[in-house]
Amino acid sequence: MHRRSRARLLAAAVVIAAAASVATAAGQATAAPAQVSAAGAAHFVVLGDEGRGLSAVEKAVRDSGGTVVKSWPQIGVVVASSDKADFAKVVRTKRGVQGAGATRNLAELVTPEPTTARIAASADSARSLEATESVVTNGGKGVPSDPGDPLSVNQWNLAAIKADKAHSISGGSRDVVVGVLDSGIEATHPDLAPNIDASRSVGCTDQGVPNTSPAAWAPTTSDHGTHVAGIIAAAKNGVGVVGVAPNVKLASIKVVDDDQFIYPEYAICGFVWAAEHGVKVTNNSYFIDPWFLWCRNDADQRAVVTAVTRAIDYSDRRGVVNVAALGNSNWDLSHNITDSGSPNNGTPTTRETGPECVNIPAETHGVVGVSATGVNNLKSYYSNYGRTETEVAAPGGDRMQVPGTPDANGRILSTVVGGAWGYKQGTSMASPHAAGVVALIRSTHRNWSADRVVDELQHDADRLACPAGGDYDPDGTGAWKAKCEGGASGRGFYGAGLIDALDAVR
C-alpha cells in the first residue's frame with residue numbers, strides 16, 4: 001500500500017467562537033522545507049551505556065567536531081549538534097559510543113533551504129483531514145450529556161465510551177496527572193485552568209533541553225494540544241465541554257516547535273520529564289519527524305529509534321502509561337508500505353519499507369496504539385489500523401458518520417486557544433479519549449503497574465467486529481477502502497475494542 005504524505009499532528013480543525021455561537025476555520029499545516037538552527041548545525045543523538053556516566057561519550061562528541069547540547073545519563077543518550085557532515089560516521093568510531101544518528105535530515109541542514117509558510121490542507125487531502133469548513137453551533141440547546149456544561153450536548157463521543165455514566169461514579173483523582181506531549185496547553189482557558197498543573201509542565205522544543213518557564217510550554221502556533229487536553233480533562237464546571245476524566249490534572253509537555261515539527265530530541269525530553277515528575281499517563285498525538293517510518297536497517301535511523309525507545313522504556317519502568325495515535329492516512333500498518341513523504345522537513349524520497357521500519361512512538365513496544373471511530377462505532381475513514389499495531393479504538397470523529405446532536409457534527413468538540421471550543425477529527429482525538437480512560441483506571445487502582453493498567457484498558461473494551469467479509473468502503477467510492485483482519489474479533493481495525501470508561505471506574 002502506498003503511504004500518502006501526512007501531518008505530524010494527527011488532527012485538523014473547525015473552531016467555535018468563545019461565545020459558542022460561530023465557528024471559524026482552522027487548519028492543519030502542510031510540510032515545509034528543512035528547519036535549520038541559527039548556527040546551521042545538524043542535530044544528533046549519540047548512544048552510550050544506560051544508567052552510567054556519559055563523560056566518554058561527551059568527549060567523543062567534542063573530539064568529533066560536535067557540541068554537547070544535553071546529556072541523559074539515565075537512558076545513555078547525548079543530544080549533540082555539529083556542522084560536520086560526517087559527524088555521525090566519525091563519532092561512531094569513538095570509545096564508549098554505541099551508535100549515533102541525525103535527528104533531522106542532515107543533507108538539508110548542511111545545505112539549508114529557506115523556510116516557507118505552511119498552508120491549510122483541503123478536507124480530504126493526504127496531509128490532514130478537515131481544514132476549510134465553518135460550522136455554527138447552537139450554543140447548548142437540547143439535553144447536555146452533563147447538565148452543567150452546555151456544549152456537552154454535542155459530545156456524542158462521551159456517550160460512545162460511557163464516560164457520561166462513568167462521571168456519576170468518578171471523574172478521576174486529583175492525584176493523577178496526565179502529560180500532554182503536544183503543542184502546549186492554553187492554561188488560562190476557562191475549561192482547562194482548574195486542572196492545569198504548572199509545576200509539572202515543561203517546554204522541550206529548545207533542542208530538547210527542559211525549560212519550565214510558562215512561556216516555554218504555552219501554545220504559540222497551534223491549538224492542537226489545547227484541543228487534546230480538553231478531551232482528556234476539560235473541567236466539569238458549568239462551562240463549555242467535559243473531559244473523559246474531568247477531575248484529573250494536566251501537565252503541558254510541549255514537544256511541538258513553532259514550525260510544528262516534533263523532532264526526536266523533543267520527545268526524548270518529554271518522556272524522561274514525565275517519568276521523573278510524577279506523571280502517570282502521557283498522550284502522544286503525533287509521529288516523530290522527519291521520517292514517518294524510522295528504519296532500523298539505516299545506521300542513523302536505528303540510533304534514533306534506540307534513543308526514543310530508551311526514553312519510553314524508562315518512563316514505562318517508572319509506571320507511566322504512554323498512549324499514542326496511529327495516524328490518519330487509512331494505512332494498514334501491519335503490511336509493507338511505500339513511503340514517499342519522508343523526510344518531511346526537506347526533499348522527500350520514495351522508499352520501500354518493511355518490518356524493520358516503525359512509526360515512533362505509536363509502534364514502540366509498551367505504547368498503547370489507538371485507532372479512531374465515528375459515532376456509528378465504525379472505523380473513521382481516515383484512521384490507520386493494523387492487526388498487531390492497534391491496541392484499542394476510541395472516538396476520533398468522522399465527518400461521514402453524522403450524529404443526532406444539535407450541531408450534527410461527527411467530529412470531536414473540545415477546547416481551543418482563545419478561550420474557545422472547536423471541532424477536530426483525527427486519531428489525535430482518539431488517543432486522548434484512551435488516555436482519559438487510563439487516567440480513570442489509574443484513579444481507581446492507585447497501586448497498579450503500567451502493564452496491569454493497560455491490561456485492564458483492553459479487558460474493559462467493548463469488542464467491535466470487522467465488516468462482513470472484512471471489506472470496508474465507507475463512502476462507496478473506493479477512495480477510503482480498507483481490509484479488516486480478524487473477523488468477529490475486529491482486531492485489525494479496533495484492537496481489543498472500543499474503550500469503556502464506565503468499566504474503568506467500577
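Including glycine, each Cβ sits where the backbone N, Cα and C put it.
Bear in mind that TrEMBL entries carry predicted annotations, made automatically and left uncurated.
Just so it is clear, the model here is predicted, and its values are computed rather than measured.
Now, the feature entries from TrEMBL:
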type     : residues : note
SIGNAL   : 1-25     : signal peptide
DOMAIN   : 174-463  : domain 'Peptidase S8/S53'
ACT_SITE : ASP182   : active site, charge relay system
ACT_SITE : HIS224   : active site, charge relay system
ACT_SITE : SER428   : active site, charge relay system
(message) In whole Å, how far does the CA atom of HIS224 (active site, charge relay system) lie from that of ASP182 (active site, charge relay system)?
(response) 7
(request) Can you see whether DSSP assigns ASP182 (active site, charge relay system) to helix, strand or coil? (result) strand
(message) Counting across all protein chains present, how many other Cβ atoms fall within 10 Å of the Cβ of HIS224 (active site, charge relay system)?
(response) 33
(message) Below 8 Å Cβ to Cβ and six or more residues apart, same chain only. Which residues does that give for SER428 (active site, charge relay system)?
(response) LEU9, LEU10, ALA11, HIS224, HIS227, VAL228, SER285, TYR286, ALA325, ASN328, GLY396
(request) Provide the number of Cβ atoms within 10 Å of the Cβ of ASP182 (active site, charge relay system), excluding the reference atom itself. (result) 30
(message) Check the DSSP secondary structure of SER428 (active site, charge relay system), expressed as helix, strand or coil.
(response) helix
